[in-house]
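Enquirer: The structure's right below; bear with me while I get my questions together.
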Amino acid sequence: MSTNFGGKKAEVNGRDDLNRPLLEPRDSVSISIPEPVDKLDRKRTVMFRIGNIKCASCVTSIESVLGGLKGVESVSVSPIQGQAAIEYVPKLINTKKIKETIEDAGFPVTEFPEQEIAVCRLRIKGMACTSCSESLERALQLLDGVKKAVVGLALEEAKVHFDRNVTDPDRIIEAIEDAGFGADLINSGNEVNKVHLKLEGVSSGEEMNTIQSYLESAIGVNHIEMDLEENKFAVTYDPDLTGPRSLIEGIQKVGHGSYKASLYIPPRQREAEQQHEISMYRDQFLSSCLFSVPVFIFSMVLPMLPPFGNWLEYKIYNMFTVGLLLRWILCTPVQFIVGRRFYTGSYHALRRKSANMDVLVAMGTNAAYFYSVYIAIKALSSDTFEGQDFFETSAMLISFILLGKYLEVVAKGKTSDALAKLMDLAPDTARLLTLDDDGNVVSEVEISTQLIQRNDIIKIIPGEKVPVDGIVTDGQSYVNESMITGEARPIAKKPGDKVIGGTMNENGCLLIKATHVGSETALSQIVQLVEAAQLARAPVQKIADQISRFFVPAVVLCALITYLGWLIPGVIGFYPKHWIPKGMDKFELALQFGISVLVVACPCALGLATPTAVMVATGKGASLGVLIKGGNALEKAHKVTAIVFDKTGTLTIGKPEVVSVMLFSSMSMEDFCDMAIAAEANSEHPIAKAFLEHARKLHQKIESNNQPNNQHLKEARDFEVHPGTGVSGKVGDKMVLVGNKRLMQTYNVTVGPEIEDYISENEQLARTCVLVAIDGKVVGAFAVTDPVKPEAKQVILYLRSMGISSIMVTGDNWATATAIAKEVGIEKVIAETDPVGKADRIKELQMKGLTVAMVGDGINDSPALVAADVGMAIGAGTDVAIEAADIVLIKSNLQDVVTAIDLSRKTISRIWLNYVWALGYNILGVPVAAGILYPFTGIRLPPWLAGACMAASSLSVVCSSLLLQFYRKPLVVQDTKGQSHYSIST
């Protein structure tokens, strides 16, 4: 739905207040209810540029062929412009079909409309290993309209980019189900702000349609989902234009008070499905044990106890015994009812022309079961036949695999614990205040956090959590932000300060104005970023992907070779008969070895090696204040050999202070301040802001001592920013330059000896000098200092111990830059560089073979952050810098640079260790299962024990990844004493 709000574009991210209140007084509510319209049936118009239109008959031909298409509502062709405007129903036809129809009629389409790319996230069920995720990715990418598909095995989710003109989430879900997997839609990309409402007092479908029509026509509503049976609505909305309370009030107004709408909080889908999967595997395991334990007892235990053994050996008919019958009866439900999932998985895998763990298990258990059936039939038909059945092998194999899967899903659930803890930080309720025009409190109501709208005033008493992001309007307190930023000490908050949703108010009462709600809060953004990171595939995952393509066929081939390798030598008498266990023959021994090879090999462990480690690491990083945007960033960060630091706001605190002002002309200080304020007013640079604050205070001090000057301050015209040097503009009829010496040289402004001495003197003290020139002459200057962060020196020292060199790059002058670098211990300095130059310096370092990370905070750092192998943005920096970075340091502490690199190194090491577990297990397990040790030691691996080993391999990999949850920061700087201590991280 497209909306227009007063003809103006509303500012987002809470930067400006909206002129129109989100919850209007009752007497101003006006509601118009149009006829119900199904959103899926709404029409769209598409424009094509068509060639070879020569006359009216060509127009008629195009209109007639398109008019015959189902879903095309109207066609308008312009022969002069060579264009066609087609109105169509997306539910019935797509633009690609329309284009093909025109081309089939002999008219080339030279311009195709831009694709409307949308994104949807889906929960995937039924994936067992890497080959499953790979085959599903291939199936999705083959679907018409899908541009990109990423499937996460450990997260059990898929993210699909698609052209909404060609396909939609329903067709994507159908394609996933056709591939043999289950799928549920998590969101369709535009559901960033979504509220679930439950209706009471609605008695008919007509009333539901009335409410739906109102919601569809309401300003700010983007999409509606209806559940007629439960009387529920899911509404996606724009928080700049409306909010949940406005929607609830509107619904109640529609029914003249007879309808009641309330907030409905659906259960968390991921947690519910995890619990369902855990209980499913537990129930299947217990069901299999109900039959396989008696089978094991009848096969292995009772035959050795004289009275029971004799009874089990009682012959019912020919050589068919009671024990054989019982084992057959008890094994069959395990094989075909409990083990049905393996047959289903194998069918879908083979249908996709791939093979997974289910194929290996199905082949192994079928071989054991049907050979045993053959033994049973042979025993029934012969009075002399003697043979050993493997019914216990089939039943126990399935039981052990189900036990392994149960333990694996329990362990996998713990890999997302950090993310679940983040999601639980926001409180359930908040205290909403209503204020009158004088700012006095009229009412206080406790509401659900989900009902908070932008610009609401929220009261937070000591001990309560902050519900949403906002700005303090009244009160003072200390807020504990450790759960979001990792900052251990409470932060003082006063009017005008920002607060973050999910943090804890400690000792004072605060009133805050909500600026970011719903999915726009910092907490929601962190959760979304971590979820995206966990879905992204690390390059090291390619190893598992490549192995998985030939793993199962190779295992089947090994099993066949093992079977023949034992059967043929046994038939020709190549090995002694005493090698064959009692009660077996050559065929049975070879079959057991073959089945053991089939079931011991495990592709699951390989597939879980990387994604589980990435999931745990990104979640742990987020809890420590380090947001890592996916496995790719993790892998690149561990290779870093050089780090380039920006100076202002990165190595320094980023809050410059003016320490001296000097005039070099007869101009009064008041006029000097006026000129400089006018020129710097539109600059966003920290130094400009520092000077503006100082100049205004100085201006006020001068005015208080003299007669007040009521003349309005002038504004600069033709304002221009010169990156890396300063600003310029016209104030009145005078040309004003404010910047460094390079700016003066650009405009041919002479810098005299007196000014040079002033600059040199301050630069030796690590101060930055800014010159002010009017009409080509320097009239004054001011010196600015920006204190170095207390942890900077220890961080540089620790990075050196990690084998990483540090470089400082800045647009500041050489003398100041060198003084700062010397203070923190950086040896290489690049100064007087503009933003593009920073990126060029990084490329030069990369050409020398270095893997370079860039740490910055401002818009001017964005090109360098993109150019670097790894971009790290300080969390307090600009949105542009954070968007361009691979890693975001939430609390703006340089210690987290060390944490990010150390965590990436530990994670990649853990991934390789996981590969050693997975590959080493298969490399050692397959030969042992094939009987390589049997001739020398008599040790062989029965199939049921091989199945238990296979289950243990996946569990060991997941548990190995879970050890990353115990990671600790390697460097902690106690800035109160200026000392540091080091802790060894796991």
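Backbone N, Cα and C define each Cβ position, glycine as well.
Curation does not apply to TrEMBL; its annotations are automatic.
TrEMBL lists these features:
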type	residues	note
REGION	1-21	region 'Disordered'
COMPBIAS	8-21	compositional bias 'Basic and acidic residues'
DOMAIN	44-110	domain 'HMA'
DOMAIN	118-184	domain 'HMA'
DOMAIN	193-259	domain 'HMA'
TRANSMEM	285-305	transmembrane segment
TRANSMEM	317-338	transmembrane segment
TRANSMEM	359-377	transmembrane segment
TRANSMEM	389-407	transmembrane segment
TRANSMEM	550-569	transmembrane segment
TRANSMEM	589-610	transmembrane segment
TRANSMEM	915-937	transmembrane segment
TRANSMEM	943-967	transmembrane segment
Enquirer: Near the transmembrane segment (943-967), which residues from the same chain, at least 6 beyond its ends, have a CB less than 8 A from one of its CBs?
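Expert: Non-local partners: 361, 364, 368, 390, 392-393, 396-398, 400-401, 403-405, 407-408, 411-412, 414-415, 417-418, 592, 595-597, 599-602, 604-605, 608-609, 612-613, 615-617, 620, 624, 903, 906-907, 910, 913-914, 917-918, 921-922, 925, 929, 985-986.
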Enquirer: Same chain only, please: residues at least 6 beyond the ends of the transmembrane segment (359-377) with a C-beta under 8 Å from a C-beta of the stretch. Say none if there are none.
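Expert: Beyond its ends, the transmembrane segment (359-377) has Cβ neighbours at 320, 324-325, 327-328, 331, 335, 339, 342-343, 345-346, 349-350, 387-391, 393-394, 397-398, 401, 552, 555-556, 559, 588, 591, 594-595, 598-599, 601, 603, 943, 947.
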Enquirer: Quick one: mean pLDDT on the domain 'HMA' (118-184)?
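Expert: Mean pLDDT for the domain 'HMA' (118-184): 84.
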Enquirer: Taking contact to mean 3 or more CB pairs closer than 8 A (sequence separation of 6 or more), are the transmembrane segment (550-569) and the transmembrane segment (285-305) in contact?
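Expert: Output no: the transmembrane segment (550-569) is apart from the transmembrane segment (285-305).
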Enquirer: Counting by DSSP secondary structure, give me helix, strand and coil numbers for the domain 'HMA' (118-184).
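Expert: Taking each residue of the domain 'HMA' (118-184) in turn, the totals are 22 helix, 25 strand, 20 coil.
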Enquirer: Could you pull out which residues elsewhere in the chain have a CB under 8 Å from any CB of the transmembrane segment (589-610), counting only those six or more residues past its ends?
Expert: 128-131, 133, 153-154, 356-357, 360-361, 363-365, 367-368, 371, 390, 393, 397, 401, 408, 412, 537-538, 540-541, 544, 547-548, 551-552, 555-556, 558-560, 562-567, 570, 579-581, 631, 911, 914-915, 917-919, 921-922, 925-926, 928-931, 940-943, 946-947, 949-950, 953-954, 956-958, 961
Enquirer: Excluding the flanking five residues on each side, which residues at least 6 beyond the ends of the transmembrane segment (915-937) place their CB within less than 8 Å of a CB in that stretch?
Expert: 543-544, 547, 555, 558, 562, 565-566, 575, 579, 593, 596-597, 600-602, 605-606, 608-609, 946, 949-950, 953, 956-957, 960
Enquirer: Work out, from DSSP, the number of helix, strand and coil residues along the domain 'HMA' (193-259).
Expert: 24 helix, 20 strand, 23 coil
